[in-house]
Amino acid sequence: MSRNSNHCSIIAAFALSLLATIALVINHLFYKFPGNNYFPPNILLIALILFLGFLGSYLQFGRSNMVVKMTRELIYYFLVMSVIAFATNAIQYTPFTPIDDKLFALEAAANINLVKIVAWTQRSALFTQLLVYIYDSLPYQMSILPLVAIIMRKFSYLREYYCLLLISSLIGFTIYYFYPTVAPATFFKSELFSPEQYATGIKFSEIHQHIPPSTIDGGMIAFPSFHAIWAWLCLYLMRWSRFIFFLLLPINLLLIASCVLLGWHYPIDLIASGLILAVTHYLCFFCAKK
């Protein structure tokens, strides 16, 4: 990608950090909601190790050495994910009313019944368990695949990946802050949903009753589905390898489908995710051409 695409990533990261800071300040001054910390444990130790690794390799080999470039790319990815974690901490303090009833009304008008979809999925315990494993694979994909790309020195693909991650987060997190959701489990209150799915709504309810959240389990954003967005971006990152891409393709297609089949997301969430991805790719492409 061109240098302008890197500039686009910087602009998106700055905008996301600025909006997150504003949300945190608003909460601190007016609402004072408690919340979870979505930064990984020992993040300062991780940052220190990365910095020392980069400094040591730079002093040992010089700036043009591939080890230095790979270490630098690790730092870039760490910074991108840190910005996203910072923004995640901020948007949990949304003061707005959930829009789940409106999403349900739209789907009911289209004769879509999510509870029936989940019930159909659970008719097969084996299929359900397979979907659970696939759905839970996303954090591992987002941890391992960038490392594979770094080892294979696909830096231009990684820079585009960073840009897409940041722009999609900027758009999707902004939507969630102003139009939050508590997710299907809390809205439908069916025995078909798991405790982890109920945790999403429990956290939201506790935070907005000024109760420190009792759990960090579950998700946060239902509309749009970031599982769907990030599953696609993981695929898109690995398009330099036909083998890995086509190996992941059926897995991530099932991952996207499992968002609805397992009841984590409303079907309309996937439509919103597709639209956000289209806008994200357009903005990233526009930046690259400038």
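Just so you know, glycine gets a Cβ as well, placed from its N, Cα and C.
Where the annotation comes from TrEMBL, it is an automatic prediction and has not been curated.
As recorded in TrEMBL, the features of this protein are as follows:
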- 102-283: domain 'Inositolphosphotransferase Aur1/Ipt1' (DOMAIN)
- 12-31: transmembrane segment (TRANSMEM)
- 43-62: transmembrane segment (TRANSMEM)
- 74-93: transmembrane segment (TRANSMEM)
- 130-149: transmembrane segment (TRANSMEM)
- 161-179: transmembrane segment (TRANSMEM)
- 220-238: transmembrane segment (TRANSMEM)
- 245-264: transmembrane segment (TRANSMEM)
- 270-288: transmembrane segment (TRANSMEM)
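Two recorded stretches are said to be in contact when at least 3 C-beta pairs lie under 8 angstroms, sequence spacing 6 or more; the transmembrane segment (161-179) and the transmembrane segment (245-264) fall short of this definition.
Most Cβ pairs under 8 Å with the transmembrane segment (74-93) belong to 12-31, among the candidate stretches 12-31, 130-149, 245-264. Within the chain, the transmembrane segment (43-62) has long-range Cβ neighbours (under 8 A, six or more residues past its boundaries) at 68, 71-72, 74-75, 78, 82. Counting Cβ pairs under 8 Å that are 6 or more residues apart, the transmembrane segment (130-149) and the transmembrane segment (270-288) reach fewer than 3 and are not in contact. The domain 'Inositolphosphotransferase Aur1/Ipt1' (102-283) scores a mean pLDDT of 96 in the predicted structure.
With Cβ pairs under 8 Å as the measure, the transmembrane segment (245-264) is packed most heavily against 220-238, out of 12-31, 220-238, 270-288. Cβ atoms under 8 Å from those of the transmembrane segment (12-31) belong to residues 79-80, 83-84, 86-87, 89-91, 93-95, 163, 166-167, 169-170, 173-174, 177 of the same chain, restricted to positions at least 6 beyond its ends.
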